[in-house]
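Take a look at the structure set out below.
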Amino acid sequence: MKIKTLSRSEQQHTRANKGDVTKVHRNATGNVNKFQRAREYQRALVAVKLDKMFAKPFVGALDGHMDGVWCTANCKRSLVEFISGSCDGEIKAWDLAQRRCVWTRPAHDGFVRGISIEPHNAFFLSCGDDCTIKKWRLQVDDSSEDAMQPDYTWSGDRPFLSLDHHWAQSKFCTSAEAVDVWDYNRPQPVSSFAWGADAVTMARWNPAEPALIASAGADRSVTLYDVRQSNMLHKTTLAMKSNCLAWNPQEPFNFVVANEDHNLYTFDMRRMESALKIHKDHVSAVMSVAFSPTGQEFVTGSYDRTVRIFGHRAGRSKECYHARRMQRVFCVNYSADARFVISGSDDTNLRIWKADANESLGPRASREIRSREYRDALKNKFAHMPEIRKIAKRRHTPKAIHKATVQERESNERQRRKTENRIKHSRPGTVKREAQRQQVVVKKHD
């Protein structure tokens, strides 16, 4: 028996005679196209491929140091001034606009451990292994002998490991065996905080709370201090040592620590029981981290000789920069307009990179700007599609880094299988899963 599944009226779909107009069953609206989504997907795919083809992140190099670059500092209100310190005690002031060194000074005996620029860009401070802190005038257009001499020198009883100027007030902090808070008008620290006997490798002021300091110690600790009190607020011991930390300038209750276990961890200072986010991709110890002025991303430098850029809520890096001659990266910074990244490495060079690898640096017509915005919107719309996601995430890395990444992935997979087997072959409830964000925190001290 034959059954018709479709029932149509023949009078509604056929012409009565040859002179009748043929009916067209489609939407005649001009802004609706049945192939619109397919066309947009194809354009998004082409846009992602073009980004890869035209990505040229390297801008230029600043050479002149005789030893590895250990620390750098940028101006928060200027795009021109930039200061760097090397392992031989030399400090250089750079003009980033012209990519030239404006003056050089042998400032310290031994490493230059920390450099920080005053918020109004009038001067900067430096500290080193020679137990001194020096105050220098910040004038990139003045290379006279007076400008090359420190205005004031503070002396300590131990080598300093880091230095950071307050975001608004006329004081700064240093770290060594303790965290010291200094005032311009005092020859000695006005406050000193110590929790344990190990060295404090890094200390940073909070950008919003004027009395809050975060520090990272050699005993694997991350500590919060309130300079209005005589004791510390909180101390958290991690699984491995942290080399650097940076506050988010737009979310000042969050900060990122660069750890020896190849990862970075975002913490909320109000809830230190676990990390908010784990940022992975490096295959060696992370030495430095710095936030963009927008607070939406941060840059990292690692012992694996790469510079990576992460979204502040992303677990994986969106950019990976490396050069054939670039060695271990000790310091990274953003420019004040968040368009460029400056890295200092062990090969005595400073390198300038684009924060957006495929950004055009020259003048652009309004038509080109609109076209770029349209392509970006399409990429965001179809970012979840497998083909587009695969192309966007693809990064060509050196052979050694690729092999280390594969080995680390296999090691994590073995550890995951081992945990699953322990749970499967144990009495129910005896072996519990623990989130990796909680595993990084070993102990809390209140």
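Note that the numbers count up from 1, one per residue, in the order the chain is shown.
Quick reminder: no glycine exception, Cβ is built from N, Cα and C everywhere.
What TrEMBL says about this protein:
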COMPBIAS  10-22  compositional bias 'Basic and acidic residues'
COMPBIAS  405-423  compositional bias 'Basic and acidic residues'
DOMAIN    355-441  domain 'Sof1-like protein'
REGION    1-22  region 'Disordered'
REGION    395-446  region 'Disordered'
REPEAT    105-146  repeat 'WD'
REPEAT    279-310  repeat 'WD'
REPEAT    329-363  repeat 'WD'
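Residues 262, 281, 283, 397, 431, 433 of the same chain lie 6 or more positions beyond the ends of the compositional bias 'Basic and acidic residues' (405-423) yet place their CB under 8 Å from a CB of it. In the predicted model, the repeat 'WD' (329-363) shows an average pLDDT of 93. Note: the domain 'Sof1-like protein' (355-441) comprises 54 helix, 1 strand, 32 coil (DSSP; helix = H, G, I, strand = E, B).
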